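*Asks:* Right, I'll just put the structure down here and ask away after.
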């Protein structure tokens, strides 16, 4: 029986990190479903989503792990950092506390992922300009000082959501092309021409769980 060909050439593993309530699940849903969830449930542990994109003529399947922001789940969610090719680190532009905690999230990301993991800083809820509590300029400076990509976005309107995931993928693909990302390394977070059945995952991690409400 003939094997069904893949309709993508690479798999990139992403994680989404940041405080509870910054809109991580809403960003994931907007990217994968093109819809805004007004009542995004709190993520319990992790949630999973996928989407196929195109970068430089290559079809790439993004496997995206949305991690819980509550401190009580940090021990569980840290295990999902390993083997991530990209990380979206999210804060809420209307809540300075979520911005102030970025250094802690960045420390975890740098300690638990490989040195070539692409990290993009996302200032979510850009549609709430009147309630802004973190300036674009200071967040951009933080990103530049720490070697991060940076965008402000809105999970509600969809502004820059596509770009957030695509810009990280472009950088990862660039790292593959220039040889700075070793695809043979288990922690690279990238699979090229995967041999597992379609729908297979990069890891054998348990199914994510959700409950409650919030974002």
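Don't overthink the numbers, they just go from 1 along the chain as shown.
Cβ atoms are placed via backbone N, Cα and C, with glycine included.
Swiss-Prot feature annotations, pasted as is:
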MOD_RES   2  N-acetylalanine
BINDING   21-26, 38-40, 42-43, 69, 124-125, 127, 155-156  GTP binding site
BINDING   25, 43, 66  Mg(2+) binding site
MOTIF     68-77  motif 'Switch 2'
MOD_RES   215  cysteine methyl ester
*Asks:* Distance between residue 24 (GTP binding site) and residue 66 (Mg(2+) binding site) at the Cα atoms, whole Å?
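*Replies:* Residue 66 (Mg(2+) binding site) has its Cα 7 Å from the Cα of residue 24 (GTP binding site).
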*Asks:* Within 10 Å of the Cβ of residue 24 (GTP binding site), how many other Cβ atoms can you find? Include all protein chains, please.
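*Replies:* Around residue 24 (GTP binding site), other Cβ atoms within 10 Å: 29.
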*Asks:* Using C-alpha atoms only, work out the spacing between residue 66 (Mg(2+) binding site) and residue 155 (GTP binding site) and round it to an integer in Å.
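*Replies:* So the alpha carbons of residue 66 (Mg(2+) binding site) and residue 155 (GTP binding site) sit roughly 14 Å from each other.
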*Asks:* If you average per-residue pLDDT over the motif 'Switch 2' (68-77), what number do you get?
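*Replies:* Mean pLDDT, the motif 'Switch 2' (68-77): 54.
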*Asks:* With H, G and I counted as helix, E and B as strand and the rest as coil, say where DSSP puts residue 66 (Mg(2+) binding site).
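*Replies:* In three-state terms, residue 66 (Mg(2+) binding site) counts as strand.
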*Asks:* Using Cβ atoms only, which residues of the same chain lie under 8 Å from residue 124 (GTP binding site) while being at least 6 residues apart in sequence?
*Replies:* 22, 23, 26, 27, 90, 91, 92, 93, 152, 153, 154, 155
*Asks:* Could you check what DSSP calls residue 21 (GTP binding site) once collapsed to helix, strand or coil?
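*Replies:* Residue 21 (GTP binding site) sits in coil per DSSP, no helix or strand.
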